[in-house]
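Structure first, then comments.
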Amino acid sequence: MKIKDALIKAYSVLKETNDEFYMEDSQILLSYVLKKDRIFLITNREYEIEENSLKQYFDYINMRKKKMPIRYITEKCEFMGLDFHVEKGVLIPRPDTEILVEAVLEYIELNNYKKVCDVCTGSGAIGLSIAKYAKDVEVLCSDISPDAIRVSKINRQGLNLEDRVKIENGDLLEKPIERGEKFDIVVSNPPYIREDEIPKLMDDVKDYEPIIALVGGEDGLDFYRRITSMSKKVLKPGGLIAYEIGSDEANEVSNILENEGFVSIETRKDFARMDRVVLAVRGGL
């Protein structure tokens, strides 16, 4: 089968599922199978696809038909201009999370911060991106999920950051607290979706992405309360705490931080002009 015919067939399959990106998804998956870029598909529409590659392609199309996210099928995701390995068991990094990373990098440059802890690291996208772009910074990436630890270690190796990034399995900040370790920054994209919102999520999210990385308790704020309280034991005075938040959680998260003695609380918006990041500084001496 030629490229043009394979794409037409794939378009038809995915269009039936109301996938608004059916053409893009079909092209991404064929590019992945053929190990060619999408320009090749456009300029070589008469190219004959080998039988084994064709079978693999339509296996992937059927996975996408069942709403499996493209990033889980290809096990690849771009974040902050870097390539990350992702798979089922870890959350797929979102473009909006880049705003959190950029805010942290800004504070590092302004304050010469040297030590960062990324809590609920998942694939390691946040902590590893910070380490990649802030050359003098040491980062600890922590997660309770063994899958997250394994995947983040793959990404650490892929980005050649073994010398400055430590990855450990643990519950939030418990292990750093036990060691008496101190940080200039605690950053986290914790689970923040309310329990009653889970059934309303898109199928590709609720059916495939790990629930442990999504649910933030009855009101979505459980992890903000815990991390904020624990961070006072590891953050240096004047240190930064940086959160990704749900678009309706800015006031509640800001109140949690204020009640725990944090100051200079700031909210930043995402690409859709929705509240997405809250930053605060630990007060005291």
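Heads up, the Cβ atoms here are built off N, Cα and C, so glycines get one too.
The model shown is predicted, which means the values in this text are computed figures rather than measured ones.
The S-adenosyl-L-methionine binding site feature in Swiss-Prot is assigned to D143, N189; the stated evidence is sequence analysis. DSSP gives N189 (S-adenosyl-L-methionine binding site) a coil state; it is part of no helix or strand. The Cβ neighbour count for N189 (S-adenosyl-L-methionine binding site), using a 10 Å radius and every protein chain shown, is 27.
Counting every protein chain shown, the number of other Cβ atoms lying within 10 Å of the Cβ of Y192 (substrate binding site) is 24. Per Swiss-Prot, substrate binding site is recorded for N189, P190, P191, Y192, and the stated evidence type is sequence analysis.
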### Query
How many whole Å apart are the CA atoms of P190 (substrate binding site) and D143 (S-adenosyl-L-methionine binding site)?
10
### Task
Measure from the CA atom of P191 (substrate binding site) to the CA atom of D143 (S-adenosyl-L-methionine binding site) and give the result in Å, rounded to a whole number.
12
